[in-house]
Amino acid sequence: MSQSRCSVALMSSAVAPAKEPNATGPKAVELVLVKEQNGVQLTNSTLVNPPQTPEEAQERETWGKKIDFLLSVIGFAVDLANVWRFPYLCYKNGGGAFLVPYLLFMVIAGMPLFYMELALGQFNREGAAGVWKICPLLKGVGYTVILISLYVGFFYNVIIAWALRGVLHLHESHGIDDLGPPRWQLASCLVLVIVLLYFSLWKGVKTSGKVVWITATMPYVVLFALLLRGITLPGAMDGIRAYLSVDFHRLCEASVWIDAAIQICFSLGVGLGVLIAFSSYNKFTNNCYRDAVITTSVNSLTSFSSGFVVFSFLGYMAQKHSVPIGDVAKDGPGLIFIIYPEALATLPLSSVWAVVFFIMLLTLGIDSAMGGMESVITGLIDEFQLLHRHRELFTLFVVLATFLLSLFCVTNGGIYVFTLLDHFAAGTSILFGVLVEVIGVAWFYGVWQFGEDIRQMTGQRPSLYWRLCWKFISPCFLLFVVVVSIATYRPPHYGAYVFPEWANVLGWAIAASSMCMVPVYAAYKLCSLPGSLREKLAYAITPEKERQRADSGEVRQFTLRHWLVV
């Protein structure tokens, strides 16, 4: 963001940042013209002490109530994978023993990364791209996560359409090169999903914050009802015992730890820009630390408790068909769209239970889809003021674009397109994005300065534990997961179907298109700045609020202390 400096007098408190409770009196202020928005000149303040709030602190929309934000974050993080993915992984990897690596990685990586994204968005009060005024060189990672969220929207909305339709057609084409036309029944359901998304998002968090009162709470009501019904079924206890059976010897297998690490990364929703977008609408003094602890805990407890619901029904199905539990315990969409409905169909009042179940799937999916779309919308309207002035039209454009591309997933061979996107769109690329993000915050911006930002918001600096996680433990964890995901890469398949080579190339092109935003934008930034290479680098890694220090050659990133301090 280019800055033109103006010498202006401090005319009114309406322009200066809001005064925090711990302010001790008047301070010398230099106002720097940052940009013009809607005809209003916005300013950034350089104080004798660090600025109390970032720019646009007073102009930005905020959540109507604190609970709106919490429900939105919980609704986004708790999605369909909590129902189909975690219980299966727990069963496959030693039952209760799987909780050991899962909880360990939650504490050393999941919660710190979740906390970091909430604090990053809340302090800078911008979307996934705008927050990188803390390190302009790495702004490309903001566009990386926005693209990933957009790609996920292409196929995630289809899951909700399946839930509306109540059926999943799997074997109606010969492969991805035999898609056929869109199925009008599924396309109609997809239209309904798009309409729901648009009217939930078009007015911003004021409307989406009310929708989540239903979409984020309804799944818990339904899960509880299904649990009460499930545990009364014959064979239910056998299923639950299989789910919780503890085999600590499995902890000696590397695959168990890898599954736990990958599940943590994806189940919390870090790296999609959603947490940054949601928290950017918080009040500046909101306690984001408490929010991070609450929401990550709720997410994990939901994943664990949903296993009792799933395996009570799987135990019933295994006894009914006289087969081992392993023959009915499956991973992926087949679990909730084939096996579970089959179990419900055998119950008295089966139609009622089927409606209840698919309502749960609909509400689980819709608020997660809302989060992904909000990441794209907020991330781009904060960057381009023309879009900001026409949010309703831009929201319509985004949801229509996702609808048109989602049509490929509702064809006769749509399950193959879905599988390809699911495998490549948010796999290694999202891990790469989070890795660059945490390096940018903890190393380039500086973990000490980031802690100071949090102190300005909450009144208390993060403890040494969180700072160590951000600077050392979480980056190492993410690097490990990225390397493992590449080393253990297997081409996608659906059942016995193996994708052709061109499909794999297309998949990697989709993944690379988001990851390449980081080096492409960094190269653009360096080329667009004037001066020598050292001067270019100085301006590229200096936060915009410290631009005056770069002008005078006092760049803290060029000192050894900056890289060593924790």
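Quick reminder: no glycine exception, Cβ is built from N, Cα and C everywhere.
Just so it is clear, the model here is predicted, and its values are computed rather than measured.
For Gly75, Ala77, Val78, Asn82, Ser267, Asn299, Leu364, Asp367, Ser368, the entry in TrEMBL reads Na(+) binding site. Counted within 10 Å of its Cβ, the other Cβ atoms near Ser368 (Na(+) binding site) come to 27, all protein chains included.
Taken from TrEMBL, the feature transmembrane segment covers 69-87 (among others). Proximity of distant same-chain residues to the transmembrane segment (69-87), defined by a Cβ-Cβ separation under 8 Å and at least 6 residues beyond the stretch ends, is recorded for 63, 118, 159, 205, 208-209, 212-213, 215-217, 219, 243, 263, 266-269, 274-275, 278-279, 281-282, 286, 291, 294-296, 298-299, 302-304, 306-307, 309-311, 331-333, 335-336, 361, 364-365, 367-368, 370-372.
The feature transmembrane segment is assigned by TrEMBL to 99-120 (among others).
Feature annotation from TrEMBL assigns transmembrane segment to 141-164 (among others). Nonlocal intrachain contacts for the transmembrane segment (141-164), taken as residues 6+ away from its ends with a CB within less than 8 angstroms of a stretch CB, comprise 80, 127-132, 186, 189-190, 192-194, 197, 271-274, 333, 337, 358, 361-362, 365-366, 368-369, 372-373, 375-376, 379-380, 398, 402-403, 405-406, 409-410, 414, 417-418, 421-422, 425-426, 429-430, 432-433, 436-437, 440, 510, 513-515, 517-518, 521.
Residues annotated as transmembrane segment in TrEMBL: 184-201 (among others). A Cβ distance under 8 Å defines the sequence-distant neighbours of the transmembrane segment (184-201), meaning residues of its chain 6+ beyond its ends; these are 157-158, 160-162, 164-165, 169, 207-208, 211, 366, 369-370, 373-374, 377, 395-396, 399-400, 402-403, 406-407, 410, 414.
What TrEMBL lists as transmembrane segment is 213-236 (among others). Sequence-distant contacts of the transmembrane segment (213-236), counting only residues of its own chain at least 6 positions beyond either end whose CB sits under 8 Å from a CB of the stretch, comprise 68, 71-72, 74-75, 78, 302, 305-306, 308-309, 312-313, 315-320, 347, 353, 356-357, 359-360, 363-364, 366-367, 370.
What TrEMBL lists as transmembrane segment is 256-278 (among others).
Remote same-chain partners of the transmembrane segment (298-318), defined as residues 6 or more beyond its termini with a Cβ less than 8 Å from a stretch Cβ, comprise 74, 77-78, 82-84, 86-87, 90-91, 99, 102-103, 106, 220, 223, 226-227, 230-231, 233-240, 242-243, 267-268, 324-325, 327-329, 335, 339-340, 342-344. The transmembrane segment annotation in TrEMBL covers 298-318 (among others).
Annotation source TrEMBL lists transmembrane segment at 338-364 (among others).
Within its own chain, the transmembrane segment (393-418) is flanked in space by residues 150, 153-155, 157-158, 161, 168-170, 172-176, 178-183, 186-187, 190-191, 194, 197-198, 201-202, 333, 373, 376-377, 380-381, 387, 494, 497, 499, which lie at least six positions past its ends and keep a Cβ under 8 Å from the stretch. Summarising the annotation, TrEMBL assigns transmembrane segment to 393-418 (among others).
Long-range neighbours of the transmembrane segment (424-448) within the same chain, counting only residues 6 or more positions beyond its ends whose Cβ lies under 8 Å from a Cβ of the stretch, are 113, 116-117, 120, 132, 134-135, 137-138, 141, 144-145, 148, 151-152, 154-155, 265-266, 270-272, 467, 470-471, 474-475, 478-479, 481-482, 485-486, 489, 492, 507-508, 510-512, 514-515, 518, 541, 543, 556-557, 562-563, 565-566. Marked as transmembrane segment by TrEMBL: 424-448 (among others).
Residues or ranges marked as transmembrane segment in TrEMBL: 468-490 (among others).
If you look at the transmembrane segment (502-524), the same-chain residues 6 or more away from its ends with a CB under 8 A from one of its CBs are 137-141, 143-145, 147-148, 151, 176, 420-421, 423-425, 427-429, 432-433, 436, 491-492, 540. The transmembrane segment annotation in TrEMBL covers 502-524 (among others).
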Sequence-distant contacts of the transmembrane segment (338-364), meaning Cβ under 8 Å and at least 6 residues beyond its ends, amount to 78-80, 82-83, 159-160, 162-164, 166-168, 170, 214-216, 218-219, 222-223, 225-226, 229, 233, 310, 313-314, 316-317, 320, 328, 330
How about long-range neighbours of the transmembrane segment (256-278): same chain, 6 or more residues beyond its ends, C-beta under 8 Å? 69, 72-73, 76-77, 79, 81-82, 85-86, 89, 92-94, 97-98, 101-102, 104-106, 109-110, 113-114, 117-118, 120-121, 127-128, 131, 142, 145-146, 148-149, 152, 205, 250, 296, 299-300, 303, 368, 371-372, 374-379, 426, 430-431, 433-434, 437, 477-478, 480-481, 484-485, 488
